[in-house]
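Participant: The structure under discussion is supplied below as structure tokens; questions concerning it will follow.
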Amino acid sequence: MPALGSPRRLLGSLNCTPPATLPLTLAPNRTGPQCLEVSIPDGLFLSLGLVSLVENVLVVAAIAKNRNLHSPMYYFICCLAMSDLLVSVSNVLETAVMLLLEAGVLATRAAVVQQLDNVIDVLICSSMVSSLCFLGAIAVDRYISIFYALRYHSVVTLPRAWRIIAAIWVASILTSVLSITYYNHTVVLLCLVGFFIAMLALMAVLYVHMLARACQHARGIARLQKRQRPIHQGFGLKGAATLTILLGVFFLCWGPFFLHLSLIVLCPQHPTCGCIFKNFNLFLALIICNAIVDPLIYAFRSQELRKTLQEVLQCSW
């Protein structure tokens, strides 16, 4: 696939490729001598992918094993793990193929490599879209469980959750196919960036509102126990820290990649933007890191899931 940056990563359809409606190219010497390019070794990509692969396989296995975890909330977490699993599998497959090609162990025609490139691009794009969707679904699920606790089980039913999950997967696959097919059109990049901003805004609004409700609840308990200040401050700090971790990890891991896409549209020839384009592999590595962190934030904090995970590990040995 055409790409202006290094073809090292197979998400080449989005790697610094100026849209067809912007007939611009970025010459290598336009980036200037002061550019900082962070090189990501193949071994590091492979290691990150394998760690993420193991983590998310364990999450899926634990949720599948324990019937107590067969609820809408854990199904959303399981689907998030499956999305991250796609990122990991795509990365491991891509890196392994490239290492074999570079070593001369694997010899194949360019057309075959091109087809493999297309398949991996679709997998990665599908996993990114579905990951963002399931992160939003988890936020909505938690919001309903807090603000509509008495009606939660009538609102978030298993059939409804399955329909939402199916719709997300179908939409993710269709979106990825369209994105890869029409990758050189401005509207595709703008839609992807707009989708990221919408998910970020949704999560921020919901989690901030949940934090405000939690602090209000803590103040009520404090007044009853006549220890208003210590409880409220401690709970508020803990809630703020949790919120910072949730939104901070989301923004730090996904933000640079979507900034990259935005700059492709806004300034494809500017030297400063060219410096950012040169770090495309770093942005993909951050997304893989997000696939590693997601189980720690959303899955492994559950005592029931951790207990099941121990049973899964004991059975595997």
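Glycine is treated like the rest: Cβ placed from N, Cα and C.
Pulled the feature table from Swiss-Prot, pasting it below:
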TOPO_DOM  1-37  topological domain 'Extracellular'
CARBOHYD  Asn29  N-linked glycosylation site
TRANSMEM  38-63  transmembrane segment
TOPO_DOM  64-72  topological domain 'Cytoplasmic'
TRANSMEM  73-93  transmembrane segment
TOPO_DOM  94-118  topological domain 'Extracellular'
TRANSMEM  119-140  transmembrane segment
TOPO_DOM  141-163  topological domain 'Cytoplasmic'
TRANSMEM  164-183  transmembrane segment
TOPO_DOM  184-191  topological domain 'Extracellular'
TRANSMEM  192-211  transmembrane segment
TOPO_DOM  212-240  topological domain 'Cytoplasmic'
TRANSMEM  241-266  transmembrane segment
TOPO_DOM  267-279  topological domain 'Extracellular'
TRANSMEM  280-300  transmembrane segment
TOPO_DOM  301-317  topological domain 'Cytoplasmic'
LIPID     Cys315  S-palmitoyl cysteine
Participant: DSSP-wise, what's the residue breakdown of the topological domain 'Extracellular' (184-191) into helix, strand and coil?
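Facilitator: Result for the topological domain 'Extracellular' (184-191), in helix, strand, coil order: 6 helix, 0 strand, 2 coil.
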Participant: Look over the recorded stretches 38-63, 73-93, 164-183, 241-266 and say which has the most C-beta pairs under 8 A to the transmembrane segment (280-300).
Facilitator: 38-63
Participant: For the topological domain 'Cytoplasmic' (301-317), how many residues does DSSP put in helix, in strand and in coil?
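Facilitator: Tallied per class, the topological domain 'Cytoplasmic' (301-317) gives 14 helix, 0 strand, 3 coil.
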Participant: Please work out the helix, strand and coil residue numbers for the topological domain 'Extracellular' (267-279) from the DSSP assignment.
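Facilitator: Residue counts in helix, strand and coil order: 7 helix, 0 strand, 6 coil.
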